[in-house]
Number of protein chains: 2
Amino acid sequence: MEFKQRTVFCGTLRKSDVGTEVTLNGWVQKRRDLGGVIFVDLRDRTGLVQVVLNPEFNASAHEIGDKVRTEYVISVKGKVVERDAETVNPNMLTGEIEVQVDEIEIINAAKTPPFFIEDGVEVDEQVRLKYRYLDLRRPEMYKTLQMRHKVTKIIRDYLDSREFLEVETPILTKSTPEGARDYLVPSRVSPGEFFALPQSPQLFKQLLMVAGYERYFQIARCFRDEDLRADRQPEFTQVDIETSFLNMEELLSMMEGMMKLVCKEVLGVEVETPFQRLTYADAMNRYGSDKPDLRFGMELVDIGDIAENCGFQVFSSVIKKGNQVKGINVKGCAHYSRKDVDELMKFAARYGAKGLAWMAFKDDEIKGPIAKFFSEEEVSQIKDRMQVEDNDLILFVADKAKVVADSLGALRLKFGKELGLIDESKFAFAWVVDFPLLEWDEDAKRYVALHHPFTRPRPEDVELFDSEPGQIRAQAYDMVLNGYEIGGGSMRIYKRDVQEKMFKALGFSQEEAQEQFGFLLDAFEYGTPPHGGMAFGLDRIVMILANRTSLRDTIAFPKTASARDIMTDAPGTVDTKQLEELSIRVSMPKKETK
Amino acid sequence: MEFKQRTVFCGTLRKSDVGTEVTLNGWVQKRRDLGGVIFVDLRDRTGLVQVVLNPEFNASAHEIGDKVRTEYVISVKGKVVERDAETVNPNMLTGEIEVQVDEIEIINAAKTPPFFIEDGVEVDEQVRLKYRYLDLRRPEMYKTLQMRHKVTKIIRDYLDSREFLEVETPILTKSTPEGARDYLVPSRVSPGEFFALPQSPQLFKQLLMVAGYERYFQIARCFRDEDLRADRQPEFTQVDIETSFLNMEELLSMMEGMMKLVCKEVLGVEVETPFQRLTYADAMNRYGSDKPDLRFGMELVDIGDIAENCGFQVFSSVIKKGNQVKGINVKGCAHYSRKDVDELMKFAARYGAKGLAWMAFKDDEIKGPIAKFFSEEEVSQIKDRMQVEDNDLILFVADKAKVVADSLGALRLKFGKELGLIDESKFAFAWVVDFPLLEWDEDAKRYVALHHPFTRPRPEDVELFDSEPGQIRAQAYDMVLNGYEIGGGSMRIYKRDVQEKMFKALGFSQEEAQEQFGFLLDAFEYGTPPHGGMAFGLDRIVMILANRTSLRDTIAFPKTASARDIMTDAPGTVDTKQLEELSIRVSMPKKETK
């Protein structure tokens, strides 16, 4: 070999190693010269250790050590020695020892990196992404990707031990008319035709059930060409699962067991099962969200019955129109100023609220402009229902159900964070169930599927297809963790008559259904087992478990919000010849044409 | 639940279960009516079991059973009973018992499938692919995909236990000028620009080494838009591996351990390690191939020294031009007719051979038109060197080294198969090493990299850069199994001076190098560790282990030779609107324009 290979990893050395000869390979984190002695913090993926080049101990090693700079790759050989009491570093796992170097070799030099390789570094993310290979050196990035590896390993082992098969499904597949925008891939062999990258392996996993595979999973790359928000990536990873002959309870319990194991193995956290369950209606009513953060209370309280006949015209008229008046109790915040409340109003307005009514209870006094419209009994009813104590501030929104839910739900989350109501050590899992099967689309004047047209209704609701399709509850479920939807799925329709009712409710003719879902419907003719499954967002799960705030921190080589990889500078232009072979031409948008 | 759920799997029932009540869910493999009693072979992914509907036992169950047809999905409840001695089926694992049905439910009906769901079915592959969900029901398909799952599980566990991290790298990446043809993905956000699907994660895995990740792997999807041969797929799966600070021996030994474990766990086969090693030169000389099938002998024998001065003008002139004369000994085939040999000549001609000289040894007689040109001593030398016995046929090719290797190598494989010389139970692993670093490109009049421009030369050969670049041996290696290359890789250059020598040998200026490999060269400036790795073809490994002849049988949803998925009918046309959003237009090839 062209250099002396390590005998041990830097971060693993301890007091018990004192006296041993070791060789280390790694990167120079820091180099200091103190009174002619050179101290190097040497880093590998396990951590740091201090190595010392003392000219009195070895002059030639010291001479080489003098040339060493930050991020050089070096090999050192020496003896592990105990540090003097006063130089022990209690903040380093290896802080009780150091390595007295006898031989040193520069394996590779390095230019000064554009930012320090350390946690919590304050660097523009564009720079971090351009030099991603340096950003990834930072211990918190390594630990996050290590955790990601561990999470996928645990999931794979769990599913394997339950007889699931991991099956790879195509990346070059067919464009589907429903759903988000597809990424397209022009075909060279079939000019004018295109593959699409999959938004999920949904069709293929259902076909594997038709094929009798019974238990399928895949850690699958999926693609959506959407305008990116902070927490979206054009390519993302899904833990994709489908099973046959299981009922919903069996599937949900299996999935709970999986997440319980992940939390235990990765974080040492014991999560209780079965998870709490909320119906969709409950979640919206109580938390104003279909992915409620259950780590704290501050539930939305309906005071519609009290508001209906109260003297405050705004409230009573809203109720008469069939809308809602609900409030939240912001404990101990009666001291909020008029200006504070104005800010909250602006915040609520972003979610569509036209106003924010409030009452503050302080020293048996009620502040707030609407107080005077309520009788003593009405106030007492409100206080009772909302568990108001002295110093509490209550906020009301009176509007359509959606606006009430969105604005109060958002306020609730805002207070949860800002008032420190959230127990950050908690992992509050829940299932949200009983989603409506169909949603009325006011523009199209027809029902559309809330999940997809193969979602199975609850058997007792099937009869509602003819009377009240909007009331049918789906056998669909989302797994929620700390206010994020981390997974979702459904049992699928496998009975022909139910499928026909569904298509009819969606206003599809037999021909239209065939056109849109052709080969899947064909497949369903050949003996389809009862089946259902779900999909988890792996990037998001890792983000939550690793306590990161961006999905980009969970992906080794992510894209920016404008869907670019600024390290490799992708996408880029290509040769005309390449396009010719694919029978396509670039046709720039009109605005930019000269 | 809407049907009675299974208590046990079909294929697992045995004599020891006799007397138990079971519920089974599965597909009807076969239904026979024998004297009013209905016999159904019921199938799930574990196998088959016979269930019996006897009207005397339960009339209403028999009535429903009468409606059941092939591939119906049913649920049956009944008692496991022993079969009569004369009806025991020794070919079925469940052949000693049957289930006497008390309750039956049709979960789903099925149309008659276009082919029987059974192994070895003789159906046009187009039909199998169109109805892939039915094809996948065949036990041999299920077993192959189950094996694929197992192989990847073993590989993942092996690498995980050796501290490798699985890291996902992008699918939407940058088009690279070198290598095969890229699949392109137009960017919507950056009009006129394109992503490319990766041909391998090569650049990213090297960057992960620069990032200090030390041990990376990924079961990675890769893409090549090449004209497909029978054993190619546009998307394929690679076990991609890279390590830092290891030397080549350590890496190879780790990889051997991995394949040894796969063979043991999947097939129960003990493979000996370390694997045999052949230099590239040896492999070409002795087997005419850089991926020799070592399950049998019939090595190529060089008789150039004998041929040089022999009376057969064709041979001696070839040698005088610096080319080769080599032969193989086809044991016991001296009886081949003139016609047989003509056929062999045609075969050899496909590999560029202009002729095939032969001698047959039978009863101390030498047949063949060239025999007369050789002296008795020369014949005796040949016989000696080629270990000729009575009844042997020897075949010679005299030509350039490449033609000799290609044609005799192909003949050797042909005989190996046709004469049954190959021990099919053998797993003959080997490493082919010492590949040349550089190859002379006669067209471009320059050296090109045999692997890629970052392949590390053997340290003792570095000095040859200035004198004989073509003689430099690379630290590159292929893993070969039974005549297939199943993996390959190299140690990479990490020293700047070596990299510069390499670029110089390839005729690249500093600027050209920067243009082609920009960000990777930039990354290399920031402290690159010594690193190297390899990549295995997962599809091919599964094909060999499962004893299948087509890669398509190892992939759940493969493409045809014209890169189509005929089940989903991908690729397909898309809406003009989609293309507009991507700023591209279809521009059909000239020939097809009206």
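One-based numbering along the chain as shown.
Every residue gets a Cβ built from N, Cα and C, even glycine.
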Site-mate of B:Arg224, B:Asp225, B:Glu226, B:Gln233, B:Gly537, B:Leu538, B:Asp539, B:Arg540 for ATP in TrEMBL, selected among B:Glu163, B:Glu166, B:Glu168, B:Glu485: B:Glu485
From B:46-49, B:58-61, B:202-205, the residue range that TrEMBL assigns the feature region 'Aspartate': B:202-205
Cβ contacts of B:Leu538 (ATP binding site) (under 8 Å, same chain, 6 or more positions away): B:Arg148, B:Val151, B:Thr152, B:Ile219, B:Phe236, B:Thr237, B:Gln238, B:Val239
Distance from B:Arg224 (L-aspartate binding site) back to B:Arg540 (ATP binding site), taken between C-alpha atoms, in Å: 16
Residue distribution over DSSP helix, strand and coil in the region 'Aspartate' (B:202-205): 4 helix, 0 strand, 0 coil
Around the Cβ of B:Glu485 (ATP binding site), the count of other Cβ atoms that are within 10 Å: 16
Whole-number Å value of the largest CA-CA distance among B:Arg224, B:Asp225, B:Glu226, B:Gln233, B:Glu485, B:Gly537, B:Leu538, B:Asp539, B:Arg540, listed as ATP-binding: 20
In three-state DSSP terms, the structure that B:Glu485 (ATP binding site) belongs to: strand
B:His451, B:Arg492 as binding-site residues, winner by CB count within 10 A: B:Arg492
List of residues, in chain order, with Cβ under 8 A from that of B:Arg224 (L-aspartate binding site) and at least 6 apart: B:Ala180, B:Arg181, B:Tyr183, B:Gln199, B:Arg232, B:Pro234, B:Phe236
Nonlocal residues around B:Glu226 (ATP binding site), in sequence order (Cβ under 8 Å, 6 or more apart): B:Ala180, B:Arg181, B:Arg232, B:Pro234
Residue pair B:Arg492 (L-aspartate binding site), B:Glu485 (ATP binding site) - Cα distance, angstrom, rounded: 20
Mean per-residue pLDDT computed across the region 'Aspartate' (B:202-205): 94
Rounded to the nearest Å - Cα separation of B:Glu485 (ATP binding site) and B:His451 (L-aspartate binding site): 14
